[in-house]
Amino acid sequence: MSPCGRARRQTSRGAMAVLAWKFPRTRLPMGASALCVVVLCWLYIFPVYRLPNEKEIVQGVLQQGTAWRRNQTAARAFRKQMEDCCDPAHLFAMTKMNSPMGKSMWYDGEFLYSFTIDNSTYSLFPQATPFQLPLKKCAVVGNGGILKKSGCGRQIDEANFVMRCNLPPLSSEYTKDVGSKSQLVTANPSIIRQRFQNLLWSRKTFVDNMKIYNHSYIYMPAFSMKTGTEPSLRVYYTLSDVGANQTVLFANPNFLRSIGKFWKSRGIHAKRLSTGLFLVSAALGLCEEVAIYGFWPFSVNMHEQPISHHYYDNVLPFSGFHAMPEEFLQLWYLHKIGALRMQLDPCEDTSLQPTS
């Protein structure tokens, strides 16, 4: 038995001893006995773990420093893990090869709903994953406020393949910090509902907004939740009808589910992983080199100065939906072992930039 197993058994026995000591001659009701068993089993399976708070994490990063050296062995080992668990090369997107006509699939974010691939959806899929694999040098760009005044735009645009999250603004006021290049951009159905009224009245506005992404793939989780399917299909038809440069790819729910299980087995307990972690996971399986930017979910920067939540606004997410500190710690670990590079310091000297 492992030391962890022995410790858990000792914890359970200790709890039983406390109950016996406090109630030496008291017989617990049947319901209370069952509840005690459930609690003790829970403690055995999920021992108590306290996640470091924001200040502790920031201090830990400062103490360890951001110095980095690429570890080809670690990168290959993690890529192999991604291939074994999730097969991003074949399952990253819905294709005619992995989603044939008549196949039944489950929504990855709902347990009660499934769907069947019919002619109306099958015709929207590419024959296979449309990338020349492996991708060489990838940049995954989050939207964290740490990017503001970072001067990382040029470095980001030097990557061969740039992935971005949730249709971020790329206007000229931001390009010095976040770049302008993109090959793949995610778009959650919730964004289509909130910003573009489900494309019921604002198709032109949507098409105009998409032009900044040039020839990017628009990656959408159309089959994660049943409510997301219709908005995602509208995006596909809208861009197709106007002959837009962008191409819609639908995330394969089996891939998303596998990624979720992979990270849950490594200690991330959340209702759902963030879009950023999904993208980084895919990049680690598809790319030879991965650098990530804007993945800093804290309210202060590396100099412990206050920063906005996003580089373009300070709108906070709903609490409890994602486990951002846990995700950060996992990515920070991959940075420290050299499997990916996490950019936290400014890329260029921005001290002479005028303040806004």
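Numbering starts at 1 and runs along the chain as displayed.
A Cβ is built for glycine as well, from the same backbone N, Cα and C atoms used for every other residue.
Residues or ranges marked as topological domain 'Cytoplasmic' by Swiss-Prot on the basis of sequence analysis: 1-29.
Feature annotation from Swiss-Prot assigns transmembrane segment to 30-48.
The topological domain 'Lumenal' annotation in Swiss-Prot covers 49-356 and rests on sequence analysis.
Residues or ranges marked as N-linked glycosylation site by Swiss-Prot: Asn71 (among others). Around Asn71 (N-linked glycosylation site), taking its Cβ as the centre, 16 other Cβ atoms fall within 10 Å, counting all chains.
The number of other Cβ atoms within 10 Å of the Cβ belonging to Asn119 (N-linked glycosylation site), over all protein chains shown, comes to 8. Annotation source Swiss-Prot lists N-linked glycosylation site at Asn119 (among others).
The annotation disulfide bond is assigned in Swiss-Prot to Cys138-Cys287 (among others) on the grounds of similarity to another entry. Following the DSSP three-state reduction, the secondary structure of Cys287 (disulfide bond) is strand.
Classification of Trp296 (CMP-N-acetyl-beta-neuraminate binding site) by DSSP places it in coil, neither helical nor stranded. The CMP-N-acetyl-beta-neuraminate binding site annotation in Swiss-Prot covers Asn143, Asn166, Ser274, Thr275, Gly276, Trp296, His310.
Swiss-Prot lists Cys152-Cys347 (among others) with the feature disulfide bond, giving similarity to another entry as the kind of evidence. Listed in sequence order, Ser150, Gly151, Cys152, Arg154, Gln155 are the same-chain residues at least 6 apart in sequence whose CB falls under 8 Å from the CB of Cys347 (disulfide bond). In the three-state DSSP scheme, Cys347 (disulfide bond) is classed as coil.
There are 14 other CB atoms within 10 A of the CB of Asn214 (N-linked glycosylation site), with all protein chains counted. For the recorded site, Asn214 (N-linked glycosylation site), the DSSP three-state label reads coil. What Swiss-Prot records for Asn214 (among others) is N-linked glycosylation site, and it gives sequence analysis as the kind of evidence.
Annotation comment: Swiss-Prot describes Asn245 (among others) as N-linked glycosylation site. Taking Cβ-Cβ distances under 8 Å and a sequence separation of 6 or more, the neighbours of Asn245 (N-linked glycosylation site) in its chain are Lys211, Asn214, His215.
The active site, proton donor/acceptor annotation in Swiss-Prot covers His322.
Geometry remark: Thr275 (CMP-N-acetyl-beta-neuraminate binding site) versus Asn119 (N-linked glycosylation site), CA distance 29 Å.
With Asn119 (N-linked glycosylation site) as the anchor, the candidate binding-site residues are Asn143, Asn166, Gly276, Trp296, His310, and the one with the nearest CA is Asn166.
Taking the Cα of Asn166 (CMP-N-acetyl-beta-neuraminate binding site) as the reference point, the closest of the recorded positions Asn71, Cys138, Cys287 is Cys138. Recorded residues Cys287 (disulfide bond) and Trp296 (CMP-N-acetyl-beta-neuraminate binding site) have their alpha carbons 22 Å apart, per Cα-Cα distance.
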